[in-house]
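Here is what TrEMBL says about this protein:
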- B:12-31: transmembrane segment (TRANSMEM)
- B:37-58: transmembrane segment (TRANSMEM)
- B:78-98: transmembrane segment (TRANSMEM)
- B:118-135: transmembrane segment (TRANSMEM)
- B:147-167: transmembrane segment (TRANSMEM)
- B:187-209: transmembrane segment (TRANSMEM)
- B:221-242: transmembrane segment (TRANSMEM)
- B:271-292: transmembrane segment (TRANSMEM)
- B:304-323: transmembrane segment (TRANSMEM)
- B:335-356: transmembrane segment (TRANSMEM)
Amino acid sequence: MAFKYRSNFLYAAFGLVTILLAIFLSGCWDRREINELAFLSSMAVDLEGEQRLLTYEFVRPVATGGGEKGGGTLNHRQATLRSGRGETLIDAGQQITTGLSRLVYLAHTNAVLVGEEMARRGLGEILDFVDRNPELRRTTLIMVTRGAAREVLTKVQGDIETTLGKEIMGLHKWVQSSGYGFIPTVNDVYFDLSSETATTVLPVVELSPQPFPPVIGAGTPSSGGGSGSTEGRVEEPETVRTVRLNGAGLFYHDKLVAWLDADQTRGWAWVRNKVRRAVLALPCQENNTKVAVDINEAHAEVSLDRQGEQLQGKIKLKVEGILLEQQCKLDFTREEAVKSLENRMAAQITVEISSALNQAKMAGTDVFGFGGALHRRYPEVWRQLEGRWNEEFKKLPVTVSVEAKLRRTGMTGRPWQPGAR
Amino acid sequence: MGEKGRISLWQFFLLVTGFLIGTSTLIIPVGPAKQDAWISFLLAGTLGLGAAYCYTALGRRFPRESPLQYASRVLGRWPGTCFNIIFLWYALHLAALVLRNVVDLYKLIVLPQTPVEVVAGVFAGLAAYAVRLGIEAPARLGELLTPFIIVAILVLTALAVSVPGLVHWEALFPVMERGPLPVLRGVYPTFVYPFGETVFFLVLLPFLTEPRKSFAPFARAVIIVTLLTTLVLVRNLIVLGASETARMNYPSLIAIQMINIGVFLQRLEPVIIFVWSFTILLKLIVVYYTFTLGTAQLLGLRDYRPLVLPAGVLLTFLSLSLYDNFSQMLTFAGRVYPFYFLPAYLIYPVTLLLVAKIRKIKG
């Protein structure tokens, strides 16, 4: 009996301790309430003299459900901007917190925009800022702007996503379907910059004004006249500033040294296997008409050969496409027409690649990975050239060979003929 | 000595596996071998098999005794006691180091605002509870969770490799560009940590249901962990690159952060934090248990359980005062530890084995 009593007491004591532990060990120190956090979506980093100018874009919290209907406001950017200045990035970030009613929460940061001046000074501190902070992740996307990054971040309006960070996430996912670029993560940039050639390519993001349908009942003052009835008011389409990718910046070590235009960017992307789809508009040999080929397979190999002392770079690219648009009347069910089109496909891609290659050579940035190919193939040669590879690369002869295939002609074969019956 | 539990060979296998995964997938030294670090690790695993053979040979010779008990008989009373005290010091020190590893991880990533004393206290308290329950409790814990841990690591690795554009196989090449020497130089530290640390299983061997058959499960655990860790190492190298893997404090964590499949399968690092929390806890329990039971055996106590709480307090405070900062930890782990640990994993068992053989002493 006494034993039983003792065991009950033990149970009670155990239960009490458990409850107390549950109360005291629930992690009070690291408790975070969602409604007390300011979620960072993207940020822009600029250099102003010796000061770092940091602009944060936060997700502006909206009351979901039962919002105003037809107001169009929900399609607009739901972002709050704050900026701060400081000697270092985190210092500038601290300045932002002095004017914020919530705790800055960095773990959902999608993108970092780097201003041109900052990029010329060096990405190092930005990469380090992202890498060292346990809240920021290496999946953060990074790109450059021409001029100040702040301009893009503050001026963009956007009409599909609610923040620029989200827009860029979407761009990152789909841009490779055009072939005109690639948005790398911080990890990609670290990988590139710590590889043999220590170069990388960051896409340029810029503002792009697009028409926006006028909102019913909210006409612009110039077109509307007096308030009151919406009838009879003429509303002009408005302009909304969105972002788009246009070209890229070439980086040697962590510094911006040159630009690539959009076509050159695609030339680079072909070689680095960053093109998932691309459209080529090619002449059709018939009074200025064109055909469009949709490339949906592309695979490139970069290699290096050595004959005696002479190094020879080689880019081999295999692409496959499908005929998607035809202005002329050429019959692409005929073998010869296909062959000649394939030659023109290869020629145009070669032009894009050569143009990118020349630009990279001029800047002395081996963004195609010849250095790595050399290191893997001839480690002893690489060790001799390692220190001056960017100079060697400028002199490196490179042959570009493109093998293009037109596999299919879409849903139809021969072109349409009027009155063919 | 107050331990009446028995563990099966299967439980022993999973216990060694969990112990070895312990901190080794958390911190894998890349060292001088750079992109060939995985070769170093494979070779270290082979040496680990040798260590396993040596430890289980002792276990076979003294099937129902712990080294703390037979050392005096083998080496003589005073030398044996000296050896035992040194051995126990290493157990205490390793337990403190292991606890510190998990505390550092939590302080940096999981609970930055929480005082380290609380994190350390919670882990040490959990471990103390398990140690007090006897060897069967941790053995069952290992049996329950180690299979999931292995599956989790394999799945996370498969996911990382299948992220489009994330892996760069070329980061593994050229293989052994500077000849085999850097690779060989990388073998020794990766052998001591984690394989040399399995020496503390000497104290657990007597509790096996069939102590004479301990080599097979031990070797299987070493092989599995060698392959698993090599896989993890290769994954880190192809996702992050050799120099970045070497530079980072928690390369596996970053490699797993990079998993992003179709935008919905992402932010999986809590999984790996769980894996580490569990395996490090398991390792802590084993070493902690070794220390308390060993001390009881050394002092000739009938029961080891009164020592559990004092030992826990001791190792908690030792772990918090082991080093002041990260750079001390790096220096210690990288330069000092492989040689500092030599008496425990090599001199102690090998001396015992050789002297016992020469003097023909058996259990």
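Heads up, the Cβ atoms here are built off N, Cα and C, so glycines get one too.
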Under a Cβ pair cut-off of under 8 Å, which of the recorded stretches B:12-31, B:147-167, B:187-209, B:304-323, B:335-356 contacts the transmembrane segment (B:271-292) most often? B:12-31
Quick test of the contact rule: Cβ under 8 Å, at least six residues beyond the ends. What residues does that give for the transmembrane segment (B:12-31)? 37, 40-41, 98, 101, 105, 138-139, 142-143, 145-147, 149-150, 153, 185-186, 189-190, 193-195, 197-198, 201, 204, 208, 214, 217-218, 220-222, 224-225, 228-229, 232-233, 236, 242, 245-246, 249-252, 275-276, 278-280, 282-283, 286, 333-334
Same-chain residues at least 6 beyond the ends of the transmembrane segment (B:118-135) with a Cβ under 8 Å from one of its Cβ atoms are 3-5, 7, 99-100, 102-103, 106-107, 111, 141, 204, 207, 280-281, 284-285, 288-289, 292, 305, 308-309, 311-313, 315-316, 319-320
Ranking B:37-58, B:78-98, B:221-242, B:304-323 by Cβ pairs under 8 Å to the transmembrane segment (B:335-356) puts first B:78-98
Contact between the transmembrane segment (B:78-98) and the transmembrane segment (B:304-323) is defined here as three or more C-beta pairs under 8 Å separated by at least 6 residues; is that satisfied? yes
